[in-house]
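Below is one structure; the comments refer to it alone.
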Amino acid sequence: MMEQYYEIKKQYPDAFLFYRVGDFYELFEEDAVKGAQILELTLTHRSNKTKNPIPMAGVPHMAVDTYVNTLVEKGYKVALCEQLEDPKKAKGMVKRGIIQLVTPGTMMSEGPNDAKDSNYLTSVVTTEKGFGVAYSDLSTGEVYATHLKSFEAVSNELLSLRTREVVYNGPLTEQNKEFMHKANITVSSPTPIEGEHAEISYVGQNLTNSAEKKATEQLVGYLLSTQKRSLAHLQVAKSYEVNQYLQMSHTVQNNLELVASAKTGKKMGSLFWVLDKTHTAMGGRLLKQWLARPLLNVDEINHREEMVQALFDGYFTRENAIDALKGVYDLERLTGRIAFGNVNARELLQLSRSLEAVPTILDALDQSDSDVLKEFAQKIDPLKGVAELITTTIVKDPPLLTTEGGLIREGVDKQLDRYRDAMNNGKKWLAQMEADERQKTGIENLKVGYNKVFGYYIQVSNGNKNKVPLDRYTRKQTLTNAERYITPELKEHENLILEAQTRSTDLEYDLFVRLREEVKKYIPALQKLGSQLAALDVFCGFASVAEQNNYCRPSFHTDNQDIDVVNGRHPVVEKVMTAGSYIPNSVEMDSSTNIYLITGPNMSGKSTYMRQMALIAIMAQVGSFVPADSADLPIFDQIFTRIGAADDLISGQSTFMVEMSEANDALQYATKRSLVLFDEIGRGTATYDGMALAGAIVKYLHDKVGAKAFFATHYHELTDLDETLDHLKNIHVGATEENGKLIFLHKILPGPADQSYGIHVAQLAGLPKSVLREATKLLKRLEAQGSEIAPASQQLDLFAQPEVNDSEEVQAEQAVITDTEQNILDDISNLYLADKTPLQIMQLVADWQKDLKDDK
């Protein structure tokens, strides 16, 4: 057996080999040692009596999926080696072979948290002109292809797709290997495929670009070689260009938190969290795809908005459709499992129940007053025949396994009914036969019996042998005092009774497979229906969100890049705040203004204001309504951001290098139709270097790029740029002081901020009083120095001993007042001495002293 194991293992050296032995899958050698550690299995040994016992660990075959998923989730591959013949019938060694190679990009099972996530396997081929890229989610059969000019563009696509595995046809540079490793992407080599396969030609039939075609052939070839079965559900590849959509790099999508919070990596806190009111897994996946690829075509956007508008206006239509959608399972992945051959009876019933919900959805749409909803409904095929086929074949509550019987309804197959009748009524039939034969023959002591050697028989005593009807009875066994006989009828029922269970189970499985193969004929229609219901689910969700959050339908213009958003709101921030407490802000940028230079204190809302604009643009071009009183927008072709201060762990770049790289992307690739968000450019380096770079970048954006840009800064010297840059406008986020406390107004106001309130924000953060006092002194000195930018040799040494007069130092120390100090000052101011005795005043002073000591 071990020779067979080693021979198979040789073919899959980079995978865990799960080797079927009876009711277990066994791991041997290094696989066992490593697998036992990862899967928390008991490590044993085979051939313990030898000098070199073989490490071994096993898992029950019934639970193998759980263990396989654990390994694959960690980035490993698993080769499933199955027994290919019945061990009882095998002559010699049981024949075994690999039935499937499970890899990170081909895993089809899912947990409760990833039903709305796609699992993409991506194929990349190098060509003379660049790269061909094709990717697929095996569980749904969708296939997409494109071509890119640089590996940087490929890397961005891989990150945006959240690809788990890449099939790459060439050697990777060390830098690219490092990228794949840090991005947690498994890299696999292409696998040669022998002979012609219909799937390869079918999937790539509409591709005209040679790079895309090669990438798709490599993709499908890898899937066929690893899955080792027909993949009839793979769809015709859809070719696309990245510039067909609003382009956003992976970094931009992360900065704007489109599908996950930047802090937690979870759904909560993202735009997806706000917009996801879908009730199907496929609707959730489609929404994520739309958020990553907003549209550029105004007609397509308007069509989506018309659907949302109709569902927004038609409350009962929407609610009836939603109620029906709640009963729809994941048609796309159910279809994939049907094609894959691992669907069970319960899942087929899920399919039929999903199809049974479609007529209700169609009725809701047909009864609406909206032509666009009626047109949408007319394109949907409810596939009634498929649902009926399943429900008339499968029992209402079938078992999970398809090999143990109990799947098929009565009346579906006459032979199966006879088997079941034999199983359920065998003893009753034998008793009845015994009574009938006694009556027919007149032999009162005739009996029907059974033994394991001869099976069922009719026993007649020697005294009654002359009454036996030999034309019907055949002698089977002679005893001392009796004879045993068999009849054709008894023999027939003997076979039914003894083999009914086995034959019934086998026949049920055969009937189930026939049903599955019949349903498989409808795969293209089921996939189309799934995509239609997914889109409807998203539209209903958009309408619900718009109603709940008081969104408006945006309008678009293509003759200029003017922005007019009245009382816009950040969709995520608004949701986590108390209802009605969010302070809205407008954006009015006509042809006279291309750049908003935004100043104001930290925490005042500068970043929120900028992100708000980007999210409104994305929501609008996805087809959603937007959080504003009104919005008239241009079509943006790209969004660039420089937000946040963090090192790029994947590329190994420092904070400042990341900052400059992201700024460079905008300066190099932004067009007049782009939206640019820059937050605190230059803070990753020395003050004057940063200020100089920030000023130069603003000027370049103004003079060379011409995009609509939001530029937040603490370099107040930059606000003077409005004197020389005609299309730059200063705005600031309002703040005020009350009783020494900083109050954020969160309102966008014209002109630059008069100060940044940095020390006040530090006070809110709880910095020690001594630090705040020292900062106040230093601020006084810097303000005394003046705002002119001096060369490095003349820049102020912050830590040199200054010449500060006593009055300035006192003013500096008094500038920072804690809450405790303010309360004491208020008590003194309100104290009426005539009402207090000397002892009471002494007690008050003692209390104040104690409070001041506790406050230090």
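Using the three backbone atoms N, Cα and C, a Cβ is placed for every residue, glycine included.
Feature annotations, reproduced from Swiss-Prot:
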type	residues	note
BINDING	Gly600, Pro601, Asn602, Met603, Ser604, Gly605, Lys606, Ser607	ATP binding site
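Feature map: Swiss-Prot annotations on the structure.
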residue : record           : Cβ neighbours (10 Å)
Gly600  : ATP binding site : 29
Pro601  : ATP binding site : 22
Asn602  : ATP binding site : 17
Met603  : ATP binding site : 18
Ser604  : ATP binding site : 25
Gly605  : ATP binding site : 23
Lys606  : ATP binding site : 25
Ser607  : ATP binding site : 21
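DSSP assigns Asn602 (ATP binding site) to coil in the three-state reduction, outside any helix or strand. Excluding the listed site residues Gly600, Pro601, Asn602, Met603, Ser604, Gly605, Lys606, Ser607, the same chain places Thr608, Ala712, Val733, Phe744 with Cβ atoms within 8 Å of the centre of the ATP site Cβ atoms.
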